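Mind having a look at this structure? Questions to follow.
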Amino acid sequence: EGRVEVYHAGQWGTVCDDQWDDADAEVVCRQLGLGGVAKAWSQAYFGEGSGPVLLDEVRCTGNELSIEQCPKSSWREHNCGHKEDAGVSCTPLTGTSITSNCTGKQKNDFCFCFSLLVNDTDGALRLTSGKGSHEGRLEVYYTGQWGTICDDGWTELNTQVACRQLGFK
């Protein structure tokens, strides 16, 4: 957790909290390689920065891979002071450890990432039965039980989203 600072044109600077929300925090946590629950903080919650305010009006959807892909004002265009510096917290999911018993990959299983922790709440994902720490059958938790995910229409984009949800790049 902390104040968000970005590096642009050879200089570090802060991000203004106008329009700053949890979707923006999700992208920052993902860009930092941190999974879990993302929360946006405003009004210099983690202290005021120094130097330039580099970004304002950041409006991520939450699906971007980096803050640079989000709609935002032009670099250095802002109406903010450091009292409006944006922050994030990336709280790891707590859950159950997964131990993988390798029996080989079955037909139609697809994912190239791995998580050691899962969260027992609806929509949580896990990988099981992989050959190593980088693959396995993708399962989803819903209404108290784990189930498989059908691969009809599954794309590389689906894989990227699942891997990000598991806390991987």
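Glycine is no exception: its Cβ is also placed from the backbone N, Cα and C atoms.
Okay, these came from TrEMBL:
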- 1-91: domain 'SRCR' (DOMAIN)
- Cys16-Cys80: disulfide bond (DISULFID)
- Cys29-Cys90: disulfide bond (DISULFID)
- Cys60-Cys70: disulfide bond (DISULFID)
- 125-169: domain 'SRCR' (DOMAIN)
Which whole-number value in Å describes the distance between the Cα atoms of Cys29 (disulfide bond) and Cys60 (disulfide bond)?
12
Spatially speaking, which of the disulfide-bonded residues Cys16, Cys80, Cys90 is closest to Cys60 (disulfide bond)? Use C-alpha to C-alpha, please.
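Considering only the listed disulfide-bonded residues, the nearest one is Cys16.
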Can you grab the distance from Cys80 (disulfide bond) over to Cys70 (disulfide bond)? Cα atoms, rounded to a whole Å.
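Distance (Cα to Cα, whole Å): 19 Å.
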Report, in whole Å, the straight Cα-to-Cα distance of Cys90 (disulfide bond) from Cys16 (disulfide bond).
19
Does Cys70 (disulfide bond) have same-chain partners at least 6 apart in sequence with Cβ under 8 Å from its own Cβ, and which are they?
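Within the chain, Cys70 (disulfide bond) has Cβ neighbours under 8 Å at Asp24, Val27, Val58, Arg59, Cys60, Thr61, Glu64.
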Mind giving me a neighbour count for Cys60 (disulfide bond)? Other Cβ atoms within 10 Å of its Cβ, every protein chain shown.
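There are 23 such Cβ atoms around Cys60 (disulfide bond).
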